[in-house]
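Asks: Could you have a look at this structure, given as structure tokens, before my questions?
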Amino acid sequence: MEANRSRLLAAARPYIQIYSIFGLTPPIQFFTRTLHKRRRGIVILGYACYLISISLMVIYECYANIVALQKDIHKFHAEDSSKVMGNTQKVLVVAMFVWNQLNILLNFRRLARIYDDIADLEIDLNNASSGFVGQRHWWRFRFRLALSVGLWIVLLVGLTPRFTLVALGPYLHWTNKVLTEIILIMLQLKCTEYCVFVLLIYELILRGRHILQQISVELEGNQSRDSVQELCVALKRNQLLAGRIWGLVNEVSLYFTLSLTLLFLYNELTILQIVNWALIKSVNPNECCQYRRVGTCLLLSINIFLSCLYSEFCIQTYNSISRVLHQMYCLSAAEDYLILKMGLREYSLQMEHLKLIFTCGGLFDINLKFFGGMVVTLFGYIIILVQFKIQFFAQSNFMQNINSTELKAYTA
């Protein structure tokens, strides 16, 4: 993969470099053909050692956070679901980072194919649109990427410490708090990495649809036999490109399957844990973290929402290709030329068969419907948790009243 032969990958390169610094994805230089073989091996070995050191740091910090959690639980006498959820939360963090390193190792070739497919598709789409007017400009994608992902990364990095630093509690050393904040940011950046690839696919779909719309315009204005034959060739080429984009979506979904599954599970469990501790500490009149907890819940929810929203954009744009084909099918040229009519029918059948789905290994689809279902499920668990806590507090107060009554009777 040569990043300089793809303007889309060149626009996404700064974001990929950020993710590689945090150990989330290999540096894009690993996939270039200009790097000397021996030097490339040394760089890969050095980066592997860097990833191992990150994993060791994550394991140590999770251990330190578990120790601090036990002290918090003992202080507030909350040895119920809080301990289970807290320990599960920390184990999920370790699992995500360990799997991320394994994913880099096991799916290195798949990621290389994804980069190659993106670059090849961009070149082929540019070649296919060379005979038409009104081509899309690459700088629009750079602006969309900065607005959709770059701005959110800035907000994540800036707001995560502000919302979560105080909530880490008094039992962690300041160095542990700083490293924990870095780990929390790294976790959420994995979702933005997925968003970058989704937006790359979205741009490819937009270009493919734009070419199809130009073919439709040409069919309306020019219906000579030679022109229609040339447009049928362009239509077939566009059909093949749409099929390749569908295959690219499957590759990206497979690459992010377990990473996103663990991240979504972690975010949902973290929101439940935040609500749990908000209920536990609600009896404290000096509690100052309630609004920050709301901010943390919003950050985690918006991070999932954006990945679902951008995936939904891709799906809706891909599905709009069928509407363009239907409009072309209604043109008089489709009635006059059988080859065009058969080409449109074949393309339409392909679109019906190759449905665009962003999925996590078949466990769930990443779209707005999934996000809505996740929110409803999360609210259901929160209601159950609140009911459980109210019952627990009522029993605790009742037992305290009985003990105080017995103590007064005994002293009397």
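For all residues, glycine too, the Cβ spot is worked out from N, Cα and C.
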Asks: Do Swiss-Prot's topology records have Y171 and Q391 sharing one side of the membrane?
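Replies: According to Swiss-Prot, Q391 sits on the same side as Y171.
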Asks: Write down the residue from N127, N403 that Swiss-Prot flags as N-linked glycosylation site.
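Replies: Checking Swiss-Prot against N127, N403, the N-linked glycosylation site entry points to N403.
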Asks: Which stretch from 8-28, 41-61, 149-169, 245-265, 370-390 shares the most C-beta pairs under 8 Å with the transmembrane segment (295-315)?
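Replies: Ranked by Cβ pairs under 8 Å, first place goes to 149-169.
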Asks: Restricting to the topological domain 'Extracellular' (266-294), what is the model's mean pLDDT?
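Replies: Its mean pLDDT is 80.
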Asks: List the helix, strand and coil residue totals of the topological domain 'Cytoplasmic' (316-369) as derived from DSSP.
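Replies: Breakdown, helix to coil: 37 helix, 2 strand, 15 coil.
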Asks: Pairs of Cβ atoms less than 8 Å apart decide it: which stretch in 8-28, 149-169, 182-202, 245-265, 370-390 has the most with the transmembrane segment (41-61)?
Replies: 8-28
